[in-house]
Amino acid sequence: MTGGGKSGGKASGSKNAQSRSSKAGLAFPVGRVHRLLRKGNYAQRVGAGAPVYLAAVLEYLAAEILELAGNAARDNKKTRIIPRHLQLAIRNDEELNKLLGHVTIAQGGVLPNIHQNLLPKKTGKTGKTLSQEL
């Protein structure tokens, strides 16, 4: 008998295990997304590329929202992103607002907005212009 060591039958020169996330260059977990797609009964079978693509899309959306929220936090002279910054980031971006239009963010507040009819009228003109208008 030969080679009864711990290597078990692996060929010499085998590589270390590498996750599908690292193969795809992603931070989001491809294996977890694949498991959730299988368990969610979305389809009978799930292809090998679908969880990689979905994880990449989720990672892109998260990065986009966090970048805009970080800008909102910096505008408010804060170093920590809070739900208010997420709300401002999403509602001020046209595409994200369309995507997440019906989403409620807890502790997010509302966008500052004063209707034009409620603002005071500008009166910087003299009486001459008033007589000309009539």
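Yeah, the Cβs are placed from backbone N, Cα and C, and that goes for glycine too.
What Swiss-Prot records for this protein:
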- 1-11: compositional bias 'Gly residues' (COMPBIAS)
- Lys6: N6-acetyllysine (MOD_RES)
- Lys10: N6-acetyllysine (MOD_RES)
- Gln107: N5-methylglutamine (MOD_RES)
- Ser131: phosphoserine (MOD_RES)
- 1-25: region 'Disordered' (REGION)
- Lys121: site 'Not ubiquitinated' (SITE)
Conformational class of the residue listed as 'N5-methylglutamine' under the three-state DSSP mapping: coil
Between Lys121 (site 'Not ubiquitinated') and Gln107 (N5-methylglutamine), the C-alpha gap once rounded to whole angstrom: 34
Gln107 (N5-methylglutamine), number of other Cβ atoms within 10 Å: 9
Lys121 (site 'Not ubiquitinated'): secondary structure state under DSSP, collapsed to three categories: coil
Cβ neighbour count within 10 Å of Lys121 (site 'Not ubiquitinated'): 5
